[in-house]
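This report refers to the structure that appears directly beneath it.
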Amino acid sequence: MKKIAVLTSGGDAPGMNAAVRAVVRYGVRQGLEVIGVRRGYSGLIDGDFVKLEYKDVAGITEKGGTILRTSRCEEFKTEEGRELAAKQIKKHGIEGLVVIGGEGSLTGAHLLYEEHKIPVVGIPATIDNDIGLTDMCIGVDTCLNTVMDAVQKLKDTASSHERAFIVEVMGRHSGYIALMAGLVTGAEAIIVPEIPVDYSQLADRILEERRRGKINSIIIVAEGAASAYTVARHLEYRIGYETRITILGHVQRGGSPTAFDRRLALSMGVEAVDALLDGEVDVMIALQGNKLVRVPIMEALSTKKTIDKKLYEIAYMLS
């Protein structure tokens, strides 16, 4: 193997740049030519390639986002689109591809291998932390720290005004961010997709806390469980006083990655290159315990990952 490529796809996650840097620098050290694909799978279809040298990735570890840019590509979801991408790969003599992204990106990588035998290795990078067989994905730790900081600031103002604040965080199918953020900030309630919410019970609990002298409440909601506005409407009807809504949105994706995310991304980038050189393809690099392992991409994607119900109960008891 003499030439490999790397791309970032889907939603960005803090630490993607660190992974790109590791793939490039370690690849060059192994005597490989490394090509960067701009704009994810859209760039793969269009042939938007750039050769990356050692110096091109200097100083990017600490930067959020991705220097390669990213996109969500509808064309790549079609067989015709993937065929165009495969032709570009072969035309440019690329012998292996590292894909950094979430569920959709990794599915695309698997299809490239299944349909066109393109050697691929995936690196999980998504703040939702919803990919199976890996304890953590790149970007999750940074996102949690961002949410924790924001909620702590909201608690300051909530206590000043004796209000209930409803904070909506990302998590379409997974309540991981909501659960962990709620646990570490002492939120009064956590609403996640995995557990049905009873608004009457929630309102009763907040009112009981009021009777005990607690003058403010923080409710953290995963976007996939309910909208913050829906929660606010139900609560205001039942508790009789106003709430305030904060939707953190895309601020959760940004920021300089934490030390944990940097280390994870750098290690996964190196392992991905090694996997290609070893001929172990159609695999994803996963963190299990304190070790990096290689697992089949589709096995990871077909393994349902859910929140820790016991941890949810602990968060409830400690709030």
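Counting starts with 1 at the first residue shown.
Any Cβ shown, glycine's included, is placed from N, Cα and C.
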Going by Swiss-Prot, Thr126, Ile127, Asp128, Met170, Gly171, Arg172, Glu223, Arg244, His250, Val251, Gln252, Arg253 bind substrate; tell me which of Arg163, Arg238 is listed for that site too.
Arg163
For the ATP site that Swiss-Prot gives with Arg72, Cys73, Gly102, Glu103, Gly104, Ser105, which of Gly11, Gly15, Gly27, Gly31 also belongs there?
Gly11
Write down the one residue from Lys2, Lys153, Lys155 that Swiss-Prot lists together with Arg21, Ala22, Val23, Val24, Arg25, Gly186, Ala187, Glu188, Arg212, Lys214, Ile215, Asn216 as binding ADP.
Lys155
Which of the listed binding-site residues (Arg21, Arg253) has the least company, meaning the fewest other Cβ atoms within 10 Å of its Cβ?
Arg253
Within 10 Å of Gly11 (ATP binding site) (Cα-Cα), which of the binding-site residues Arg21, Val23, Met170, Gly186, Arg244, Val251?
none
Please tell me which one of the binding-site residues listed here (Arg21, Val23, Cys73, Gly104, Ser105) sits closest to Arg172 (substrate binding site), measuring Cα to Cα?
Gly104
Coarse DSSP state, helix versus strand versus coil, of Ser105 (ATP binding site):
helix
